[in-house]
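A.B. asks: If you scroll down you'll find the structure; I have some questions about it.
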């Protein structure tokens, strides 16, 4: 049965193509190979991508921001992105923000990596990357620079979570308290001096009034004595 089918197939191939069965199947195989090569230029690579590559591992979600409270500038430096297990932090005007979601910008190798782990208020206001500007000291800045810094602060407040503040140095607290104490002492001294002056003035006026009264009484007595003497004469 199979032999009959094969003989019939060979006769049909020879009758319709003029080729031997071996030549016919060779041409058919070459045509299929050419089709596969040509179709590869027009079909999207995703069609030929292995299924194992289609399932890409999802990136791990970022942990929720952790509130740190008040920390020093030295402690803030530990969150500059060098340790991938720690959040990436940055401060503006003493307020610390978690910028881990923008690690591509503020993390190692990013365009703003120098600002991470620091209060970069002055650098942001001046758009400077100089080491001396990587500080939270904004004294001496112009109106335009302060406005630019304000824009940065609004951006951070709307995009990132605030996780703490930078602890003020002891010197700053003393400097701020000493002028107040000096003002208080000055005010107390002024009040005391004013009270003493007022008391002295009142005492002088009282003394003058008493002296004037005594003088008037003496004059009256002298006049009365003179009148008596005149009457006797």
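Keep in mind that glycine also has a Cβ here, set from the backbone N, Cα and C atoms.
Sequence annotations record features per position, and here Swiss-Prot assigns compositional bias 'Basic and acidic residues' to 169-181, 202-224. Here Swiss-Prot flags 70-167 as domain 'Cytochrome b5 heme-binding'. Per Swiss-Prot, phosphothreonine is recorded for 225. The feature region 'Steroid-binding' is assigned by Swiss-Prot to 70-167, with similarity to another entry given as support. The region 'Disordered' annotation in Swiss-Prot covers 169-233. Look at Swiss-Prot and you will find 23-43 tagged as transmembrane segment.
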A.B. asks: When the pLDDT values for the domain 'Cytochrome b5 heme-binding' (70-167) are averaged, what is the result?
C.D. replies: 94
A.B. asks: What is the three-state DSSP composition of the region 'Steroid-binding' (70-167), stated as helix, strand and coil residue counts?
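C.D. replies: Secondary-structure breakdown of the region 'Steroid-binding' (70-167): 43 helix, 17 strand, 38 coil.
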